Amino acid sequence: MNAMNSILSKAKTEKNGLAGIALDSYGSTDDSVAFVHKDSLSENHPPSPGDLHAAEQGIYFRDGRRRIDFVLVFEEEDPGSKKSKRKKKKAAESGEVKEKSPEEKNDQYRKKFLNNLRKAGCEMEEEISSTGKKTITYIKVFASWDVLCYYAEELNFRAPLQAHPNPSENWSAKVLESLHIPNMMDQEVPNKPLDYYTCVFKKSKLDKFLGSENRDTFFSNTQRHRIVYEILATTPYGKRKRAEIGIDRLIDEGAFQAAYPLHDGSWKKPSHSIPAEQLNRRQVLYDYWARWGCWYKYQPLDHIREYFGEKIGIYFAWLGLYTANLIPAAVVGLLVFLYGVVTMGTNVPAREVCNSGGDFVMCPLCDENIGCAYWNLSDTCTQAKIAYLFDHPGTVFFAIFMSFWAVTFLEYWKRKNASLAHHWDVMDFEEEEERPRPQFAAMAPSMEKNPVTGIKEPHFPDEDRFKRMMAGAVIIIFMMVMVLIFVLGVIMYRVLISIPLFQSVMFRAQASNIANMSGACVNLILIMASGIVYQKIAEKLTEWEMHRTQTEHEDSYTFKVFIFQFVNFYSSIFYIAFFKGRFVGYPGHYNRFFGLRNEACGQGGCLVELAQQLAVIMIGKQVINNAQEIIVPKIKNYLQRREVAKGMEKSSEPARWEEDYQLIENEGLFEEYLEMVIQFGFITIFVAAFPLAPLFALLNNWVEIRLDAHKFVCEVRRSVSERAQDIGVWFNILDALVQLAVISNAFIIAVTSEFLPRLLYKYEKNWNLDGYVNFTLAYSPPGAMSQECRYKEFRDKDGSFSLFYWRLLAIRLGFVILFEHVVFFISRLIDIMVPDIPESLEIKIKRERYLAKQALQDQEHIMAGGLAGVGEEDEGGDDEFAVTTQGRKGATRMDAGNVYLSVPTADV
């Protein structure tokens with residue numbers, strides 16, 4: 001309460017009986033306060049210099065008072081253009097005058113839509129830009145105070161009750177502070193949003209809410225955007241029976257080309273020097289977040305959420321936490337790899353291979369009759385040394401470490417998510433009854449009454465949808481079979497390319513490496529190409545399935561794409577990890593496929609090949625994706641600007657709405673989440689084979705955060721802020737990957753690694769591993785080859801499995817069961833011991849509910865009891881006004897009948 005009083009005590013005024021308004025730097029820690037008369041901030045106040053500057057930047061109507069909440073854009077061909085004349089001539093020659101042309105229909109739709117918007121209370125202003133070939137019309141939309149209040153209640157917006165200190169904190173900052181180490185990651189971001197206790201907005205209780213005297217700033221920009229978008233999405237432009245409703249469907253019909261809220265001015269700082277507090281929000285985000293120079297700084301999550309909304313804020317919070325948690329994983333993985341480098345000289349099996357000379361004559365790696373020769377094991381000396389880097393006792397420890405790391409990361413994210421959801425006022429957020437998607441409404445065959453709303457709306461029979469989903473499932477299975485065929489093709493490629501390499505004396509030693517690396521590159525190309533094709537197919541299938549709401553549509557699309565990409569990216573890796581070299585046979589009895597001998601693992605073992613495959617696919621995918629994120633938006637931006645700017649006077653500086661129209665459309669977060677979740681699978685499911693995977697993921701994510709930040713701030717149109725309390729279905733996918741990772745790493749250590757065979761040999765034969773290489777090499781059966789040779793297997797001379805093989809198999813199965821049971825048990829213990837909601841947060845929530853009852857009492861009771869006083873409970877307010885925290889601007893204090901409101905100077 002002392003912190004609360006310190007914030008509220010800033011607002012002081014002269015004792016002249018008039019209410020004063022404290023003009024505080026928005027989010028600043030400066031104690032200096034300026035005052036103006038509250039009447040100067042009434043609805044009809046003249047624009048201040050800051051407002052006039054903003055009007056010049058194009059974010060206000062021409063009067064400089066009404067802020068642009070939304071912009072609608074449509075294009076028309078110039079009547080005098082050649083294209084327009086050709087269309088008129090063609091129509092006149094054909095004599096088709098009975099039906100309206102698409103242009104006439106769109107014009108009719110627009111007129112009716114805009115007329116209905118005016119009836120809904122929206123105020124509009126038109127700007128026309130002619131390019132010579134076409135006319136671009138920009139319609140600026142503004143929502144009046146009464147409209148805002150009405151929809152704020154309808155949409156269950158929350159309004160501020162009491163101010164309190166911003167609770168944002170970082171555990172790393174606390175650790176560094178306790179160790180007295182300077183925190184290079186910290187930065188003072190100007191205009192930090194303040195925090196408030198909030199409750200559901202009710203216009204009847206308007207005087208109870210902080211800042212209600214200033215109608216221009218009471219609702220934030222993102223709230224105004226959501227309200228106007230709600231009006232745009234529900235306003236009809238034709239017959240309701242045909243579901244001719246909403247701006248989204250109008251854009252699909254071509255009546256409008258775009259609809260977007262404006263950015264808060266340019267992201268570029270002015271040429272002259274200005275204080276950081278006077279930067280607009282977009283400039284603050286660029287200067288303190290999207291610049292490449294900020295790669296090591298904390299993300300300003302409150303600013304991101306304030307500008308883009310909770311959904312995008314949650315994504316960057318998750319990505320930031322994931323990247324931060326990769327640091328210990330990357331450090332441990334690097335240490336494990338360096339341990340292998342340092343101890344490479346102590347590897348007895350590798351020394352035996354290198355010193356064997358001609359002692360071990362190995363069987364040909366392909367058939368003798370096609371020219372493959374016998375070879376000496378010592379030829380693979382380098383390969384045996386490299387194999388130790390990825391297959392030593394440290395990798396077993398790292399696999400266990402990463403299993404616990406993944407579980408701990410998800411648990412910590414649940415706690416972080418709960419704190420953010422409470423801090424951002426979305427902890428109890430539930431989506432309203434969703435309206436039908438525009439595409440669904442346009443294609444639905446019938447109208448039926450909605451059982452929830454009782455309103456007739458477009459309907460598609462569940463039975464027909466189920467049939468379509470089953471048909472879609474068949475197509476998905478077919479596509480996954482195609483992926484497996486591609487994998488089979490890559491296997492055959494490796495076998496065929498290996499034959500001439502094994503025949504060559506020069507390339508024989510490196511034949512496996514060359515075949516594996518080139519095969520991995522071919523596989524990567526097939527993966528990226530098939531992924532692009534399948535996403536197009538999945539999009540068409542999901543549209544065809546006719547899902548009613550956008551949420552259902554997105555969930556179905558997410559499931560399809562992830563299942564396919566899972567098979568697409570991981571199938572070849574699973575093959576190498578668990579199947580390659582298991583079905584080769586032995587000399588004289590080799591298993592064949594299409595006349596070719598089945599693939600065998602190289603002398604270094606399959607774990608080295610698995611590491612190679614992982615490195616090529618994971619790193620290659622990251623490089624390609626980052627190149628796409630850098631190049632593709634710039635190309636799209638160039639084409640969009642070129643198309644819009646055709647015929648415009650180069651000397652004229654484009655207005656804000658024109659500049660934003662030249663940006664590309666925001667495509668959402670699906671691709672960003674998918675990329676990160678696939679990466680998460682690489683660093684958890686197969687981490688035992690590639691300890692450096694977390695390090696490469698960390699380097700990629702440092703780049704990814706800046707690329708995404710730059711894209712959202714500088715390259716795409718501002719999207720309508722969406723509320724969200726978590727990362728949605730992606731958390732369930734991450735949790736499933738963690739469970740799979742435990743089982744996968746257990747099998748990699750038990751089946752693919754040499755860890756258990758060496759351990760059993762130590763126990764039964766020789767603790768120093770002397771003679772281990774000779775022990776692992778079997779002799780070819782008599783008469784099977786032209787001369788006696790060795791091959792890597794635990795078999796007797798007649799080709800039967802030895803007793804050591806069966807004992808090893810039992811130990812492998814026992815290890816898998818023990819490993820996954822221990823890890824799952826400890827993981828479950830962590831889950832139970834670490835609550836999803838921190839105890840301090842639960843206490844805070846209870847405290848806020850108590851304060852809500854106090855804050856919503858009559859003003860006299862508040863003055864009498866103070867913020868900590870106990871008064872009579874407001875009847876009916878217990879459930880209706882449950883309080884959470886919300887970051888907003890300013891603070892208010894009620895004292896002696898006067899109201900003081902702290903607002904940012906730049907906004908007044």
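Quick reminder: no glycine exception, Cβ is built from N, Cα and C everywhere.
For 60-301, the entry in TrEMBL reads domain 'Anoctamin dimerisation'. If you look up TrEMBL, you'll see 81-107 marked as region 'Disordered'. The compositional bias 'Basic and acidic residues' annotation in TrEMBL covers 91-107. Positions annotated as domain 'Anoctamin transmembrane' by TrEMBL: 304-848. If you look up TrEMBL, you'll see 315-342, 395-413, 473-497, 517-537, 557-578, 676-699, 727-751, 804-826 marked as transmembrane segment.
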Field: Recorded stretch, among 315-342, 395-413, 473-497, 727-751, maximising Cβ pairs under 8 Å relative to the transmembrane segment (517-537)
entry: 473-497
Field: Intrachain residues whose Cβ lies under 8 Å of the transmembrane segment (395-413), provided they are six or more past its termini
entry: 318, 321-322, 325, 328-329, 332-333, 336, 340, 683-684, 687-689, 691, 694, 731, 734-735, 737-738, 741-742, 745, 748-749, 753, 755, 819, 823, 826-827, 830-831, 834, 836
- prompt: Do any residues of this chain, six or more beyond the ends of the transmembrane segment (473-497), have a C-beta under 8 angstroms from a C-beta of it, and if so which?
  reply: 514-516, 518-519, 522-523, 526, 530, 534, 537-538, 541, 560, 563-564, 567-568, 571-572, 575, 594, 596-597, 599
- request: Would you kindly check 315-342, 676-699, 804-826 and say which stretch has the most C-beta pairs under 8 angstroms to the transmembrane segment (727-751)?
  value: 676-699
- line: With the cut-off at Cβ under 8 Å and a gap of six or more residues from its ends, the chain residues touching the transmembrane segment (804-826) are 400, 403-404, 742-743, 745-747, 749-751, 756-757, 760, 764, 794-795
- line: Long-range CB partners for the transmembrane segment (315-342) (under 8 A, at least six residues beyond its ends), listed in sequence order, are 172, 298-299, 301, 304, 388-390, 392, 394-395, 397-398, 401-402, 405, 409, 412-413, 416-417, 420, 669, 672-673, 676, 680, 683, 687, 691-695, 697-698, 701-702, 704-705, 708-709, 727
Message: Please compute the mean pLDDT of the model over the domain 'Anoctamin dimerisation' (60-301).
response: 83
